[in-house]
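Participant: Sharing a structure here in structure tokens format.
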Amino acid sequence: MKFKWDEFFVTGDPLILGAQVSIALSTIAIIFVLTYFKKWKWLWSEWITTVDHKKLGIMYIISAVIMLFRGGVDGLMMRAQLALPNNSFLDSNHYNEIFTTHGTIMIIFMAMPFLIGLINVVVPLQIGARDVAFPYLNNLSFWTFFVGAMLFNISFVIGGSPNAGWTSYMPLASNDMSPGPGENYYLLGLQIAGIGTLMTGINFMVTILKMRTKGMTLMRMPMFTWTTLITMVIIVFAFPVLTVALALLSFDRLFGAHFFTLEAGGMPMLWANLFWIWGHPEVYIVILPAFGIFSEIISSFARKQLFGYKAMVGSIIAISVLSFLVWTHHFFTMGNSASVNSFFSITTMAISIPTGVKIFNWLFTMYKGRISFTTPMLWALAFIPNFVIGGVTGVMLAMAAADYQYHNTYFLVSHFHYVLIAGTVFACFAGFIFWYPKMFGHKLNERIGKWFFWIFMIGFNICFFPQYFLGLQGMPRRIYTYGPNDGWTTLNFISTVGAFMMGVGFLILCYNIYYSFRYSTREISGDSWGVGRTLDWATSSAIPPHYNFAVLPEVKSQDAFLHMKEEKTELYPESKFKKIHMPSNSGRPFFMSVAFGLAGFGLVFEWYWMGVVGLIGVLLCMVLRSFEYDNGYYISVDEIKETERKISE
């Protein structure tokens, strides 16, 4: 790639110029605030180097919300372009760039980190653990994700964004058809972030299997913990495939290999297969934790034990197995034999069965329950019908013969947005609001929260339901404009109105965070909603102490904390206080991730010397870690007593 220095910064587009100015001003403002209030040491010692799973979870969530804003703006720009025929708001290349970054950001850099953030905050508390199995690795997982996300996101101001779609199909993603650094940003940003996700999968799988408190058998675990465990198993099996695929395509682009190009025997369809062998399990990586969140919320606010617990566990396991047997349904039209299409059509339909089991379990959990219509519960209730719509249309798409009509139309676009927004995004909002007091010590305002819910949910349906009809009328996806005689103007305009309603809803959420920080009553009991059933509600609010539990609880039933409340069990008797061993903070994961970012940035522009320097930095950090003998530290009994006294005041 012959890179021209005068093209280093993207210029000539007022939207990108505005983004560059806002980034510069935001950076200056952050530096000024940290310097003025003398918070640099606090930022380093309390957040950047922390190994506390709760703080890392909050950092994941903050990053995900920022990515939600970026990906949401991309989506609004696409809808603005398609609102009217022959619109010139975006040119074709800019639209393709936004189309690519929107999909990649929303799935890889928003949905996954949001859920991983909630998992970090909640799951160790739910199983009665002091921290995760590998705290150092947890910090490294976050920073590799964050650096990968930042590497991907700087592409729109430095060098140029990828424009081959979020799936980066070959040969469209080849050097001939996608010259420049954009596609390299995609490959290396995802590679670095994917390493962090794989480490998270290993970490939480070990944590759940080996660090549960006394009495917590597998069949006493909360459903969110169960869905997390199965999700981590999927990650461990699926993400190595993505890692290999990204590496092979990187070799094609950077070193002239031909794994996916027709020259020298390469196979473009091999990329499609490898991508979707990872890609469809990825759908369940972001859906299964959402199922767990809704299970916790519905059970709590219906004030009933989850109906069909064993059936729920079985359905989760069935979904995880079938998720690896459906990938070809993404390209029924791309030359498979009838027998191959038939097999994957059957497996795709079959996966709807365990999903349907869960829907009925949630409905029966609410049956005859004393339901409180709180904001989290509203999101859970909205999820069920909207997700069913997405699921039913998914079964329609699973019919290989019919898919020839639906494929690459807006019918498909509407389907996966009904699944991913109604499933994953609704769950992110519900879980965020539900566990918000656990993280920050106060609830979000319910009145403002309900405005957010109704505007966003109604806007979502106004935006995406018309797209089913656009698809049936033949509107293909990925087009940046259309003619006035195509007959798509009215539905596209309605869809755009709905998209901007969703944007307004997000702004209301941001206002709610500010308003609640200023005016909400501080909550210290830990059981913020008064309906807590699991051990996460047995700890204090506003980031529980690093050690989580002054005394590790003993579990005697499925809804452990509810049982303790009913039995009036003393949670933390001082007579049982013992000194607690905790892991030390470390800054090395941060520096290792920066080295990864340096290597990635160098390889994006094919500056191999910079790539080598960055990789040497990564290796050096690993070597130094190998010679580090840090046995952590102990929290004394007196310190535990003082901490618990302050919590109870």
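Even glycines carry a Cβ here, placed using N, Cα and C.
This is the feature table in Swiss-Prot:
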type: TOPO_DOM; residues: 1-15; note: topological domain 'Extracellular'
type: TRANSMEM; residues: 16-34; note: transmembrane segment
type: TOPO_DOM; residues: 35-56; note: topological domain 'Cytoplasmic'
type: TOPO_DOM; residues: 76-97; note: topological domain 'Extracellular'
type: TRANSMEM; residues: 98-117; note: transmembrane segment
type: BINDING; residues: H102, H417; note: Fe(II)-heme a binding site
type: TOPO_DOM; residues: 118-139; note: topological domain 'Cytoplasmic'
type: TRANSMEM; residues: 140-157; note: transmembrane segment
type: TOPO_DOM; residues: 158-190; note: topological domain 'Extracellular'
type: TRANSMEM; residues: 191-209; note: transmembrane segment
type: TOPO_DOM; residues: 210-227; note: topological domain 'Cytoplasmic'
type: TRANSMEM; residues: 228-246; note: transmembrane segment
type: TOPO_DOM; residues: 247-272; note: topological domain 'Extracellular'
type: BINDING; residues: H280, Y284, H329, H330; note: Cu cation binding site
type: TOPO_DOM; residues: 293-315; note: topological domain 'Cytoplasmic'
type: TRANSMEM; residues: 316-335; note: transmembrane segment
type: TOPO_DOM; residues: 336-343; note: topological domain 'Extracellular'
type: TRANSMEM; residues: 344-362; note: transmembrane segment
type: TOPO_DOM; residues: 363-377; note: topological domain 'Cytoplasmic'
type: TRANSMEM; residues: 378-397; note: transmembrane segment
type: TOPO_DOM; residues: 398-405; note: topological domain 'Extracellular'
type: TRANSMEM; residues: 406-425; note: transmembrane segment
type: BINDING; residues: H415; note: heme a3 binding site
type: TOPO_DOM; residues: 426-452; note: topological domain 'Cytoplasmic'
type: TRANSMEM; residues: 453-472; note: transmembrane segment
type: TOPO_DOM; residues: 473-490; note: topological domain 'Extracellular'
type: TOPO_DOM; residues: 511-584; note: topological domain 'Cytoplasmic'
type: TRANSMEM; residues: 585-604; note: transmembrane segment
type: TOPO_DOM; residues: 605-610; note: topological domain 'Extracellular'
type: TRANSMEM; residues: 611-631; note: transmembrane segment
type: TOPO_DOM; residues: 632-649; note: topological domain 'Cytoplasmic'
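Looking at the shown structure, what environment does each listed feature sit in?
Facilitator: The average pLDDT the prediction assigns to the topological domain 'Cytoplasmic' (35-56) is 95.
Here the topological domain 'Extracellular' (76-97) has, by DSSP, the following mix of helix, strand and coil residues: 13 helix, 0 strand, 9 coil.
Tertiary proximity for the transmembrane segment (98-117) is limited to same-chain residues at least six positions away from its ends with a CB under 8 Å from its CB atoms, namely 56-61, 63-65, 67-68, 70-71, 74-75, 77-78, 90, 145, 149, 152-153, 155-156, 161-168, 186, 190, 193, 197, 200, 282, 285-286, 289-290, 420, 424-425, 427-428, 431-432, 478.
Applying an 8 A CB threshold to same-chain residues 6+ apart, the list for H102 (Fe(II)-heme a binding site) reads G71, D74, G75, M78, W166.
Each residue of the topological domain 'Cytoplasmic' (118-139) gets a DSSP state, and the totals for helix, strand and coil are 14 helix, 0 strand, 8 coil.
Within its own chain, the topological domain 'Extracellular' (158-190) has Cβ neighbours under 8 Å at 1, 3, 7-10, 93, 96-104, 107-108, 148-149, 151-152, 242, 246, 249-250, 252-254, 260-262, 268, 271-272, 275, 279, 478, 600, 603-606, counting only residues six or more beyond its boundaries.
Residues 108-109, 112, 116, 119, 123-124, 127, 129, 132-134, 137-138, 140-145, 147-149, 151-152, 221, 225, 228-229, 231-236, 239-240, 242-243, 246-247, 250, 593, 596-597, 600 of the same chain lie 6+ residues outside the transmembrane segment (191-209) yet bring a C-beta within less than 8 angstroms of a C-beta in it.
Per DSSP, the topological domain 'Cytoplasmic' (210-227) is made up of 9 helix, 0 strand, 9 coil.
Same-chain residues lying 6+ beyond the ends of the transmembrane segment (228-246) with a Cβ under 8 Å from its Cβ atoms: 119, 123, 187, 190-191, 194-195, 197-198, 200-202, 204-205, 208-209, 221, 271, 274-275, 277-278, 281-282, 284-285, 288-289, 292, 316-317, 319-320, 323-324.
Residues 167-171, 173-175, 183-184, 187-188, 191, 330-331, 334-335, 603, 606 of the same chain sit 6 or more residues outside the topological domain 'Extracellular' (247-272) yet have a Cβ under 8 Å from a Cβ within it.
Its Cβ taken as reference, H280 (Cu cation binding site) is surrounded by 22 other Cβ atoms within 10 Å in the chains shown.
Same-chain residues lying 6 or more positions outside the topological domain 'Cytoplasmic' (293-315) and placing a CB less than 8 Å from one of its CB atoms are 118, 219, 222-224, 226-227, 354-355, 357-358, 360-362, 364-374, 376-377, 379-380, 383, 427, 430-431, 434, 529, 531-534, 558-559.
A Cβ distance under 8 Å defines the sequence-distant neighbours of the transmembrane segment (316-335), meaning residues of its chain 6+ beyond its ends; these are 226-227, 230, 233-234, 237-238, 269, 272-273, 276-277, 279-281, 283-284, 288, 291, 341, 344-345, 347-348, 350-351, 353-355, 397-398, 400, 403-404, 407-408.
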Participant: Same chain, not part of H280, Y284, H329, H330: whose C-beta falls within 8 angstroms of the C-beta centre of the Cu cation site? Give them in sequence order.
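Facilitator: For the Cu cation site, the extra neighbours are W276, G279, P281, V283, S323, V326, W327, T348.
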Participant: Three-state secondary structure of H329 (Cu cation binding site) from DSSP?
Facilitator: helix
Participant: Between H280 (Cu cation binding site) and H417 (Fe(II)-heme a binding site), how many Å separate their Cα atoms?
Facilitator: 14
Participant: Does the transmembrane segment (453-472) come close to the transmembrane segment (140-157), meaning at least 3 CB pairs under 8 Å for residues 6 or more apart?
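Facilitator: Contact between the transmembrane segment (453-472) and the transmembrane segment (140-157): absent, because fewer than 3 Cβ pairs are under 8 Å.
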Participant: Among 16-34, 453-472, 585-604, 611-631, point out the range having the most Cβ pairs under 8 angstroms from the transmembrane segment (406-425).
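Facilitator: The stretch with the most close Cβ contacts to the transmembrane segment (406-425) is 453-472.
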Participant: Just to be sure I understand, if DSSP states are collapsed into helix, strand and coil, how many residues of the topological domain 'Cytoplasmic' (293-315) fall in each?
Facilitator: 17 helix, 0 strand, 6 coil
